[in-house]
Each structure stands twice: as structure tokens, then as C-alpha cells.
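Peer 1: Heads up, here are the entries from TrEMBL:
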- 7-27: transmembrane segment (TRANSMEM)
- 65-84: transmembrane segment (TRANSMEM)
- 96-117: transmembrane segment (TRANSMEM)
- 137-157: transmembrane segment (TRANSMEM)
- 217-240: transmembrane segment (TRANSMEM)
- 266-290: transmembrane segment (TRANSMEM)
- 327-345: transmembrane segment (TRANSMEM)
- 357-376: transmembrane segment (TRANSMEM)
- 406-426: transmembrane segment (TRANSMEM)
- 446-476: transmembrane segment (TRANSMEM)
- 488-508: transmembrane segment (TRANSMEM)
- 528-547: transmembrane segment (TRANSMEM)
Amino acid sequence: MIKEFVLAYKSSLVVILAPLLFMPLLFTKETDALGQDLYCELFGEPACSAAFDKSYIGEPPPQPVLFKCAYVVAVMVVFWCFEAAPLSATKICASYFKDVVVLFVGGLTLAISIEVWNLHKRIALYVLTKVGSKPSFLLAGFMATTSFISMWMSNVATTAMMVPIAKAVLDQLEDVIESETSKESTAEQEESSKLIQHEEKLIITSSEEKKIKKRMLLGLCKALMLGIAYCASIGGVGMLTGTGPNLIAAQAADDRYKFSINFVNWASFATPLSILMTLITWVVLVFVFLRDSESHKVDEEQQAKETEKIIKNQYGALGDVTFAEKMIMNCFILLLGLWLTRAPSGAGSGWSQLFKAGFPSDASAALFVAFLLFILPAEKPFQRDENGKFIISKPLITWKQMSSKMSWGVIFLLGGGFAMASGITSSGLGKFVGLKMQALKGLPSYLMVLICCITINLMSQVTSNSSTMTIFASILCDMAENLNINPMFILIPSTAAVSFAFSLPVSTPPNAVVFEYGYVSMLDMVKVGLPLSLIGAFLSSVAILIFGGMQSTFDAYNSCPQYLVEGDASTQYCIESHQYGNISVST
């Protein structure tokens, strides 16, 4: 009875009990809980004197709200973990529309136009017609296509597009196996009437062959579905706009250090990592699920023909490339060009120098291209109808199409996440946690990065990756400052690691979409996903060591790089840390 009640009203109970459970935090005084030494270290003067010096004279400074912020964060985390309320609803009051949100809106508008005109499906099917139909090659084609498209589109939308294509291929292969088995059975019966002494052997051979085919098909089913789900998340890591955690980290860097994580410096780190992770995932899936396919060549030619036929038929059904698809592809190329040439060698280079310093950003380019989509025609201009009148063409995308497909919930989630991150920083909660991490100070920097990547990756297995990154972004930066490590050296790989959550259906939306189709069991996902998740966390920590050395902004040993010196929030930290490297700091 009680169990049924709890299950029926779980969300309501969480909404009511969570605020009550954490309410003691609201009445906790920082002076009592932290002690004088830690309080003074966190909040400095004159807050320290006002709190502990009874002879203090003057206007009292604002009271610290560390534990009040901890209360809000704790309640929101519980709401997120138990999905007690829609993520967007818990953030609807956030009124922020920062640079990375504009970047997200611009990039997603282009992705929506691609989806409206089925350009993504044409690209996917074209690639699949070229990779061949051998199971391992077919898997590679699906995974590479999913990973590439997911760099530019929503991970869920990419998964929702690729899974039906894979399902059509799998259904047809199953029909081929059934028809071949039926033909073989008939042939064996005719043969057995002439050779009675071999009847039992023939039946056994047919049964074993059918089992092999079924096992091969089942392995291909699991490999394709998991490959699509995992590569949707892996591809999202590869580009700055690919997934929410990337944008959350970018905004944290901008808010705290006035440092721009842009298309170029993010891609130089994350794109090679994404490609390598895709290759490793493919190798693992082939080894686990397709060993029978590689060792048994059972009527592979017939199945290959059927697979190629399905894909070519679907590709042919799209018809010729339309004018609208060509225009969208040109807009896509234009956006890439604008991103790559805005500031290729740092501030003051590229087309950004034509404007006031600090004004143009990657969001400017994304919004400009998004604007073009609303005015460029979807059909060839200057065409006339049978009456000789000019045909009025509709634009590549309409506001109705954009507004109906736009992920408004994600936008509110990002805005609310930025608000919470700001609260964690300004209240001192992030600095408090960072100070508690001083125990790691004696460890090598690469080991600290690995610990952070694994910790945040394991947490993202059971919570939303955007939620996890929102909570940890400010904390990781505070921890890095306290350990005298370049904050980007910890923040960037941790951001990549949070998206490599593969072990459970709840880990990411693509996992949930694939799990709903029923081809993959929970055991399959855990068996393959958990090792891959840990591999992803490890590779993230290794990638920053390789590519961090190529960029001084990501270098672990430059604990006070130029962006920290120039950033308002951390200039004092740089001066006090005395870790200048090759940077000259004027005091």
C-alpha cells in the first residue's frame, strides 16, 4: 500500500520533502559552521572583521549566503535527479540570454532548416551507399554518419533520424534470413528423399546455420543501436554547439575570466578526441557483437545485396538535390568559414578586427547565418508561372517551423544553469568546495585531471549531463585556482568527459531512445557502456595533455595565462598566486 502510494505520488513527494529536508541549511550561520580561519580565508576583509571583531566600526558588508546557495543547489539537484519537475519549468524564471545561448539558438536554427529539408537524411544515406554492406563496414558507416551529424544537430534528433534507417535495414535482413532458411529446408527435403541416410545430418546442418544467422543478426542489431546512441553523444562533444555541457563550460569561462572558448580552440581539442572515441567505440562493438559476422561467411553476398538495395531505394526516393538543399549547404559552409576566420590567430586577427574589440563572437556569425535562412528563397528566384507572373518563393525556414522545433526547454535550462553557477561563485560555495579539495595539491596535475574526469563522468551516468556540468563548472574553476592550476586545464576535459555517459538508458537521451526500441537490454548497455565511459574519461584527460601543450590557454603549467591576467574576476588570484610562468604581471 505504502509502496504504491510512493510510486504514484513520487514527484509530489520529492517536491514537498526536498525543500524541507535541506531546510537546516537556511538557518546555518557561516561564522559557526566554518570557523574563523576558514571564514576569513573565504570572504576576506572587511567581512572577517565585521563578523569576529566586536570593536569593528563602519558599515557592515553584505552577509555571506554560502549555505543559502547550498540549499538552492541541493534542492535543484534532487529535482533534476528524480525528474520531479520538467527541467525547463524549474528554470523558467531565469532571464539570462548570454552569448552562448545566442550561439546555441543560431546553430540550432541552421540544424532545424537542415531537418526541414531532409538534408541530414540525404547525407546519411549517401554515406551508407558508399561504405559497403559488410556488417563491420555497415556499422562504421552508421557510426561515422551519426557522429558527424550530431556535431551540428541535436543529439536526440540525430538519433531519432538514424534509428529508423537502421531498423529498416535490420528488418529486411531478417526477412532475407527467413526466406533463405525456407528455401534451404525445401531443398534438403528433396535431397533427403533420394539420400535417406544423410537426412539427419542435413537437418542438423540447416538448424546450426540458421542459429548462426540469427546470432549474427542479433549481434548486428545490438551493435548498430548502441553505435548510433553512443556516437550521437560522442559527436556532440566534437563541436562547441554540439551539446549543452560545452556551452555551459564556455559561459563559465567567459563569466569568470572573460575568456572566449570559441569554435576554433574548442574544435582543436574536441574534434580529434571525438574522432578517436568513435574509432575505439567501433572496435569495441565489433569485438563484442560482430565476431560471428567476421568469422562466418554465411550467404553474405545475398544479404549484402539486400542491404545495398534497401539503402539505395531510400536514397533514390529523395529525388534530385533541391535548390533549397543547395542553399542550406552553402549557408552551412558560410558559417564554418565565418567561425574559422573570425580570429584564427587570437584577438585582433581575422574579420573580427573590423569591429570594436570584444564585440564580434561566434554567436554573431551564427545569428547572421540564421537570419539569412529567414530571407533566402527555397526555390530558384525569378521563376514565372503559366500566366507569366513571378512565383513568390517561401524562405528556407519560417518562424513557425523554427519556433515549433526550437528546444526552448534547453534554452531555459542553460539560462537557469548560468544563474545557479553565478550563485555558486558569488556566494563562496564554489570556493569552499575548492578549498576542501586542497588534499589533491600534492598529486601530479594529470592525475588530478583524471580524477575529476572520472568523478564527473560517473555522476553523469545517473543525472543529466547538463545538470552535472552546471553544478561542477564553477567548483572545478575554484578548485583549479586553489591548486594553482590553469582552470581551463581541468574545465575543458571534464566537460568532454561528462558527455561520455553510456552505461544506462537514463544516462543520455540518445541511450533512452535506443533502449525504447527493444533491441538492446540493460545488461548489454552496462557491459559495453561502462568500460567505454571510463575510456572516454581517460581519453579526455590524455587529450588535454596533448593538445593543451599546443595552446597556452589550456596548458597546465601556465597557471596564470594571459586571459587570467586580463580577466576582472581572477586578476587578484594571479597576483597572489605568484605563478606567472612567462607572463609579466604588473602589480
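Placement of Cβ uses the backbone N, Cα and C atoms for every residue, glycine included.
Given the structure is predicted, the values throughout are model-derived calculations rather than measurements.
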Peer 1: Using a Cβ cut-off of under 8 Å, list the residues of the same chain at least 6 residues beyond the transmembrane segment (217-240) that approach it.
Peer 2: 103, 135, 138-139, 142-144, 146-152, 155-156, 158-159, 162-163, 166, 169-170, 173-174, 177, 246-247, 250, 261-263, 266-267, 270-271, 273-275, 277-278, 281-282, 285-286, 288-293, 362, 496, 499-502, 508, 510-511, 513-514, 517, 519-520, 524-525, 528-529, 532, 536
Peer 1: Looking at the transmembrane segment (528-547) and the transmembrane segment (446-476), are there 3+ C-beta pairs under 8 A, with each pair at least 6 apart in sequence?
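Peer 2: Between the transmembrane segment (528-547) and the transmembrane segment (446-476), contact is present.
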Peer 1: Sequence gap of 6 or more, Cβ distance under 8 Å, 3 or more pairs: do the transmembrane segment (488-508) and the transmembrane segment (65-84) meet that?
Peer 2: no
Peer 1: Within this structure, do the transmembrane segment (357-376) and the transmembrane segment (96-117) have 3 or more Cβ pairs under 8 angstroms, counting pairs 6 or more apart in sequence?
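Peer 2: Result for the transmembrane segment (96-117) with the transmembrane segment (357-376) is yes.
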Peer 1: What stretch, picked from 137-157, 327-345, 357-376, 446-476, has the most CB pairs under 8 A with the transmembrane segment (65-84)?
Peer 2: 446-476
